[in-house]
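Below is one structure, written out as structure tokens, with a few remarks after it.
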Amino acid sequence: MKIILTLSIFLICFLQLGQSVIDPSQNEVMSDLLFNLYGYDKSLDPCNSNSVECDDINSTSTIKTVISLNLPTPLQEYVITQDLTPLQNLTYMELYEKIYLTLSFFKNINKLTQLETIVTLSFNVTIPDDTIFPASLETFSIYKPSVPLSIAIFGSNIKNLYVNSPLTGYSIPTLINVNPYLENLQLPVTYYSGFPSNISLAFPNLQYLTIYVNNDMDQNNYHNFSISNIGVFKNLKGLDIEFTDSYNPQEFSINSFLSNVPVIDSLYIYGQGVTIDPSVGIIDLSYVKSKKFLSINIQESSLLNNCKGKSFKSPKKAYFRSNYNTFSYACIDFSNLAYFYDYYNEYEQYLPNIDNAPLLNEIYISESVVVGDIPESYCRINYLGLNYNQLNGTAPSCILCLGGNRGGDIVLPNPLLNFNKTSEPYCPTFKIDQNYTNLVATDGIGKLIITGTNLGWYGNDITPITANSKLAITIPKGVGTNKSITVTFQNGEQRTFNYSYVPPFIKSYGFLELDSNKYLTINGTGFDFENPNIITINGQQITFSIALGGGDNDGLIALPIDELPNFDSETKFTVSTLVGGQSSNEVTFYYFNSINITEEKLVLNNTGGSVDINGSFGTNNISLVSISINGTNCLVTSYTNSKLTIQYPSKQVGDNYVLTLNVGGYAVNLVVEYIEGGETPTPSTTPSTTPSTTPSTTPSSTPTQSPGDDGSTSSTLSISFYLITLLLLTQQFI
């Protein structure tokens with residue numbers, strides 16, 4: 001028995017030594033905090049609580065440190081008076097309702113140097129304006145504030161500030177110092193809260209702004225208010241304005257916001273009370289220059305209720321989505337819209353007139369009080385849905401062509417006079433024009449473009465360019481001439497089309513390194529994407545790879561550099577090929593081991609201008625040098641083999657441009673961004689040696705270790721092993 005007792009004591013001691021323990025100073029703080037909040041036993045490890053997350057201080061230590069607090073609502077209100085500064089590795093802190101922070105916490109918050117996120121669902125402490133927040137703090141979420149928000153919050157390094165559900169006593173500073181760090185701001189606004197008059201200047205890098213407007217006129221002492229003179233948000237991408245749903249909302253004009261967001265991508269408006277300024281009479285967003293397109297989402301709003309004429313105008317290719325709004329389609333200027341969605345609109349009316357909407361590609365109107373006919377003009381819409389309305393007129397010919405089985409998915413249920421689920425396809429006007437272009441690319445993305453009348457929307461290998469009148473038939477990879485394909489149209493009609501693949505065309509060459517191997521690449525079109533390509537270089541036939549790339553880019557074929565004949569620098573060599581029985585052009589290139597551009601990216605003015613480009617160009621012969629941007633030639637005004645100057649053309653603002661430097665057929669690409677006016681920023685300087693087309697490659701699968709995994713056996717496994725050993729030994733002595 002003595003031996004058993006001794007072994008048991010040894011086992012307990014061993015396990016205590018093998019287990020990780022929390023840092024003593026943190027243990028004291030957390031034990032007291034958890035006990036006062038939830039009655040948590042002070043003898044227990046706080047790290048074992050569901051409210052606390054701990055981790056090893058480092059990979060070799062068994063000492064635990066608190067990294068996250070998630071404190072749920074206690075039975076009674078509690079003010080955290082404990083000094084939390086020992087929690088030096090705390091990164092995340094979330095406090096539910098009835099838990100309050102103190103002034104002392106914020107006076108010492110800069111000592112929590114790894115704190116990244118604070119979420120507090122009850123907030124009643126006035127933070128001093130001289131408070132310094134840690135540089136690590138990125139997100140501060142405040143719910144139910146009942147005190148003024150300190151200017152220190154708005155002047156910190158915080159990137160994301162979210163404020164919700166204000167209580168009496170809440171207010172916002174009316175002037176804020178310039179803060180380049182804040183990117184996402186969410187603020188409630190009431191008639192008593194105030195609003196920063198210089199918000200656009202104070203936050204020059206603000207990306208997303210959400211304003212919650214409390215506009216309940218039934219609230220005690222409530223009165224009208226508005227926000228104006230906010231300035232221009234030069235970098236704002238998203239604007240979200242939401243109004244408290246109310247039976248008695250105030251009228252709140254938002255023109256001051258909507259006229260100052262030149263580059264937003266997203267606009268969301270929710271709730272009753274929002275209006276168009278009667279002195280302006282229109283919301284004109286056509287000036288907005290989104291990076292891609294502007295998405296407009298209006299939900300349960302009074303914005304367009306009493307509009308007069310075309311009161312809402314969007315920028316080109318905008319999305320417009322409406323849910324539970326009551327408005328006339330006459331309010332909307334459709335000329336720039338690409339997508340229009342309207343659900344649950346109780347305004348009785350006909351379908352919108354889209355004769356002057358050339359960009360409109362998609363229409364979905366559902367669960368709305370639209371009546372009358374479906375116009376023939378709707379046959380050109382590529383994505384169309386008119387289900388669950390009250391359309392009681394006639395369906396157009398393109399729907400009749402499909403019959404109830406297929407066309408019903410687009411326009412039923414509706415009480416149409418000439419169309420229902422059992423209608424048979426009727427299409428006497430189905431017609432295919434014979435003058436289509438029958439040359440297609442070899443990369444499998446090539447299309448036969450056909451035109452006609454009532455062709456439908458889809459079919460096998462068919463997609464719409466303009467529904468019913470212009471369709472694209474996808475042709476598989478291949479080479480050669482005199483091919484054919486048979487397709488079935490949406491109305492069941494079958495047709496066979498003849499085509500040939502484009503002949504090969506050689507454009508340029510370059511070099512590519514993959515997995516420490518160097519390849520010569522030849523770029524062009526019409527290569528074989530299924531079989532190796534045979535290239536003739538100076539009369540010698542050499543086998544290159546299957547073509548890669550394609551699509552919007554040229555194809556690329558590759559040859560290991562050690563299989564290439566030896567050439568001296570600037571040596572001429574001729575290149576040609578034969579693909580699918582079709583001969584390419586024969587080109588003369590000049591051989592260079594390397595051509596590169598020092599800049600990683602060029603940023604140019606959209607008005608055009610002059611710019612220097614540095615690099616190693618391999619030759620002093622300017623006659624071998626040409627430069628273009630997306631196919632538009634640039635004038636080389638000055639040249640050495642390490643620096644050149646070009647006059648570049650004007651382009652629309654965007655970052656999807658490519659500059660191609662061609663030296664004797666050796667092509668190097670460089671990403672180009674066009675910006676609005678101003679000075680051209682200094683380019684970054686990572687050398688570019690990219691060939692004109694870079695293939696997509698999949699990295700080899702390489703085993704990796706998880707962070708902190710040094711490959712050694714875990715402490716849990718070691719403890720388990722010794723525990724089993726001790727138990728086995730114990731059994732021998734019983």
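Glycine is no exception: its Cβ is also placed from the backbone N, Cα and C atoms.
The following features are taken from Swiss-Prot:
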type     : residues : note
COMPBIAS : 680-712  : compositional bias 'Low complexity'
CARBOHYD : ASN58    : N-linked glycosylation site
CARBOHYD : ASN124   : N-linked glycosylation site
CARBOHYD : ASN198   : N-linked glycosylation site
CARBOHYD : ASN224   : N-linked glycosylation site
CARBOHYD : ASN392   : N-linked glycosylation site
CARBOHYD : ASN420   : N-linked glycosylation site
CARBOHYD : ASN482   : N-linked glycosylation site
CARBOHYD : ASN498   : N-linked glycosylation site
CARBOHYD : ASN523   : N-linked glycosylation site
CARBOHYD : ASN596   : N-linked glycosylation site
CARBOHYD : ASN614   : N-linked glycosylation site
CARBOHYD : ASN621   : N-linked glycosylation site
REGION   : 683-698  : region '4 X 4 AA tandem repeats of P-S-T-T'
REPEAT   : 687-690  : repeat '2'
REPEAT   : 691-694  : repeat '3'
REPEAT   : 695-698  : repeat '4'
SIGNAL   : 1-20     : signal peptide
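Locations of recorded Swiss-Prot features on the structure.
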residue : record                      : CB count, 10 Å
ASN58   : N-linked glycosylation site : 9
ASN124  : N-linked glycosylation site : 15
ASN198  : N-linked glycosylation site : 16
ASN420  : N-linked glycosylation site : 15
ASN482  : N-linked glycosylation site : 8
ASN498  : N-linked glycosylation site : 12
ASN523  : N-linked glycosylation site : 22
ASN596  : N-linked glycosylation site : 16
ASN614  : N-linked glycosylation site : 16
ASN621  : N-linked glycosylation site : 14
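ASN392 (N-linked glycosylation site) sits 11 Å from ASN420 (N-linked glycosylation site), taking the CA atoms of both as reference points.
Between the C-alpha atoms of ASN482 (N-linked glycosylation site) and ASN124 (N-linked glycosylation site), the distance comes to 80 Å. Ranking the glycosylation sites ASN58, ASN124, ASN198, ASN420, ASN614 by Cα distance from ASN621 (N-linked glycosylation site) puts ASN614 first. Of all the glycosylation sites listed here (ASN420, ASN523, ASN596), ASN596 has the Cα closest to the Cα of ASN58 (N-linked glycosylation site). Using a 10 Å Cβ-Cβ cutoff, ASN392 (N-linked glycosylation site) registers 13 neighbours.
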